[in-house]
Amino acid sequence: MATLPNPVDYAVPGFILLVLAEMLVACAADRRRYCPQDTLTSLALGFGSTIAGALSFGLVFATASWVWGYRLMDVPWTWWAFVLCFVLDDLAYYVFHRSAHRVRWFWASHVIHHSSQHYNLSTALRQTWTGFFSLAFIYRLPLFLLGFPPAMVFFCAGLNLIYQFWIHTEVVGRCPRWIEAVMNTPSHHRVHHAVNPRYLDRNYAGVFIVWDRLFGTFEAEREDDRPRYGIVKQLGSFNVLWAAVHEWVGIARDMWSAPWNAKLGYLIREPGWSHDGSRDTSQTIRARWQNQAAAEPSKEQQVGADHVQAA
Amino acid sequence: MNWLLSLGSLAGVLALGGVARLLRLGGSEPLAPEQVTERVQFEYNPFRVERMVIGLDGRAALVRATDGRLVAVKVHGAHPATRLLPGAPAVTTCGDLVVVDTGDRWFGPLRLRLDQAQRDMLRAML
Ligand SMILES: [Zn+2]
Ligand SMILES: [Zn+2]
């Protein structure tokens with residue numbers, strides 16, 4: 001089986017230089033775009049994530065190769081197969097990412113990426129330590145079953161991750177219209193990282209925003225609703241370990257104290273779900289905001305054609 | 001990933017952390033009543049502020065809603081962070097420092113520096 005290098009390894013110096021460049025811009029434009037403790041936490045999480053990824057990669061690759069053994073067809077090692085693989089892998093990423101926001105088990109791993117109240121290039125490197133444990137790789141298994149060689153898929157996945165780096169910035173406003181129409185951009189991904197009721201659980205795209213437009217999860221960034229970043233219940237801590245595991249601890253605590261018939265819900269339902277309805281989910285937050293806006297005509301215009309997404 | 005790359009990445013992490021400090025990035029203004037009100041109204045919507053005390057150093061605040069909910073606000077890096085407090089939080093006083101237990105060890109206790117009038121007001125809020 002052919003092997004390929006991990007493109008992310010080669011991108012690391014570029015990541016560092018671009019973070020440095022964005023820091024210099026922040027120094028001139030708005031010092032509060034960066035905060036040293038937050039940056040260190042993000043980068044430490046990123047570093048830990050590469051270690052965790054390297055440790056588990058052998059097992060993931062072995063699983064992928066085993067599944068590939070049952071492939072439906074033989075995808076050739078040609079340029080168009082790489083293009084097709086990249087597009088389908090991005091679709092698999094969309095499905096994974098959507099479930100990572102709608103199923104608490106996967107959210108517990110993904111929340112790390114959203115746990116900063118900042119939105120800058122260092123936030124892009126705030127990556128999970130528990131991706132393997134959460135079994136996130138299962139979303140790529142259909143690609144191997146289709147016949148795409150594991151080396152090809154992981155190469156495309158690396159390129160996908162590299163693409164997603166540059167969109168974590170407030171330095172870039174809007175890109176040309178055709179780019180905003182097709183590609184995931186800083187503007188679209190700012191929406192994804194925002195906790196404004198309008199923006200919650202929107203824009204799951206990795207590289208191509210068309211998936212969100214196609215599956216009804218797209219929301220455009222608005223001048224009159226500036227994104228506020230982070231998670232609904234902000235961490236309020238720069239502790240790296242706590243950032244990495246806090247939601248897993250939350251799941252364990254909730255399952256421990258819940259009645260038997262509700263325990264599973266704390267694992268597989270959406271983040272914020274509770275058996276007695278005492279907590280907020282993205283739907284309840286959005287619904288409340290919409291009701292208030294409907295009652296206050298001045299806000300009605302802001303809500304516009306927004307709708308509650310059926311999960 | 002090889003060890004050279006790991007070490008290089010680690011050096012990059014520390015260097016960038018150092019640069020952020022050197023450039024004096026971050027920092028925050030002392031908490032202001034309008035900012036605290038806006039923040040708690042956003043995060044605990046609906047939240048009608050009944051009263052609040054802001055520490056003399058502007059690093060922390062305690063807010064009470066008309067429905068009795070109590071929210072702790074602290075400066076966390078360049079942004080405020082908040083916690084909804086349990087029913088009757090434990091409070092300890094040492095001179096002008098009042099420490100309110102938030103029930104969240106990772107968020108940490110709320111440390112308010114208050115003058116006498118503010119301490120009296122805080123007592124009335126709890
Ligand atoms: Zn996400
Ligand atoms: Zn992101």
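From the backbone N, Cα and C atoms, a Cβ is placed for every residue, glycine too.
Unlike curated entries, TrEMBL annotations are predicted automatically.
Summarising the annotation, TrEMBL assigns transmembrane segment to A:12-29 (among others). Beyond the transmembrane segment (A:12-29), the same-chain residues lying 6 or more positions past its ends with a Cβ under 8 Å from any Cβ of the stretch are 39, 120-122, 124-125, 165-166, 169, 171.
Remote same-chain residues near the transmembrane segment (A:41-65) are listed as 1, 8, 112, 116, 118, 122-123, 125-132, 137, 140-141, 144, 150, 153-154, 238-240, 243-244 (criterion: CB distance under 8 Å, separation of at least six residues from the stretch ends). TrEMBL lists A:41-65 (among others) with the feature transmembrane segment.
The transmembrane segment feature in TrEMBL is assigned to A:77-96 (among others).
Summarising the annotation, TrEMBL assigns domain 'Fatty acid hydroxylase' to A:82-217. Mean pLDDT across the domain 'Fatty acid hydroxylase' (A:82-217) comes to 97 in this model.
The region 'Disordered' feature in TrEMBL is assigned to A:275-311.
Here TrEMBL flags A:280-293 as compositional bias 'Polar residues'.
Taken residue by residue, the compositional bias 'Polar residues' (A:280-293) breaks down under DSSP into 12 helix, 0 strand, 2 coil. Remark: secondary structure over the domain 'Fatty acid hydroxylase' (A:82-217) totals 84 helix, 3 strand, 49 coil, with classes taken from DSSP.
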